[in-house]
């Protein structure tokens, strides 16, 4: 290694040269020596500069390496986060699309049910209107019957008043009849008394007549005795006078007796006639009263029968009206209950639709937020790529439907110096589904989120699944669902067994809820098997997740690091080789 020459000999040489003359050869050598010293000084300075530059270069290389590692980690983290969020966004969009399709189907079903309910409701309304019309007709008829009943009751009251009047009149006539009977009895007693008096008078008259005859006989006997004494001349005159006087007395007595008898007979006949007339009048009044009473009784009986018939008819109409009112109340209650139930169902459906709309809005908000974040990440990456002068290529997402797998690939541009080149096919995650069935029932679908498993009857006949067991295995963990003994899967129909936390209502026989299990479980390798009641496996379905990293990624990574190493290390090695050559 060249070193600097001390200044002492150089000054002494100069002094000696000044003191003694130098030859041209000496001057040339001295000049060459001075040039060599200057070259050595410049070389030493260059070596020091190269060493300092190498140390700075090594420090810069370390810093660049650290920054590149940090950058690569940040880019890989951002890329993974972006890819995971993008995959989650796509998954959520797929779930949203499936949920939207399912909700559209449910909405169509609900709309059909709503139309059916509206038709049944309109039918019930028409029936209710017809029932109300019949009720109004019945009510009008009942009102007419009530009016007729009121008129009949008023007539009955008037007839009862007449009956009371007739009863009062009958009482008066009865009292008059009793009075007439009493008078008749008194007249009869008076007649008997008068007859007795007449008989006693006749007997008294006969007795007096006998007494008179006896007196006459006694007088005649006396006169005879006197006549014996009287002369025969005056006897004839005396007898004539006596006979005349006797005849006069007899006529007077007979006339008096006749008058008295006639007077008695007239009095008796008049009283008897009066009594007979009074009796006839009383009997005619009683007969007329009896006839009127009979007519009144007949009329009362007819009115009573009519009243009873009207009351029976009124009770029948009242019962019918009560029955119709009960039927109408029941129909109203049923209609009200049906309307309340339908309104509650519509409210539930509206709540579900509102909840689904809210979920849609939340999903749309999440989607918009993800889109905004993705656009922000894209702008950030584009800004970094523009700042680092990269040539970016658009990302690409491929979905393989034929093999039932999904692959997410992103392409990245090639960077200079500290930028990292990423391959076009960086990574892929595939989901492979395989299914097999030995019978008519197959496992149609297994949800990757563990919400449901769907079975399908591929035959044209109903298939009983009583005692069948559905098992889902993830690694070493497994869950079992057993069908009830009476369950039958209809021909060409599907049945979906939902987990308890799937948020779906039970709708047998197409949708069943496993209340004891919140989720079917999620994982990378999923296997679902269906066994019959004898324990034989009749169907299975397997879902396998596969992550592939292509060889081009490693090769391109090696090329990236080789180019980076060339860019950073080769200039240093070249400078070192130059230094060594110079040395």
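Using the three backbone atoms N, Cα and C, a Cβ is placed for every residue, glycine included.
Matching 384-389, 414-419, 438-443, 444-449 against Swiss-Prot, the residues noted as motif 'Nuclear localization signal' span 414-419. The separation of residue 268 (site 'Heptad change of phase') from residue 332 (site 'Heptad change of phase'), Cα to Cα, is 89 Å.
Long-range Cβ proximity for residue 268 (site 'Heptad change of phase'), meaning a same-chain Cβ under 8 A and a gap of 6 or more residues, is found for 191, 194, 195. Helix, strand and coil content of the region 'Coil 2' (244-386), in residues and according to DSSP, is 143 helix, 0 strand, 0 coil.
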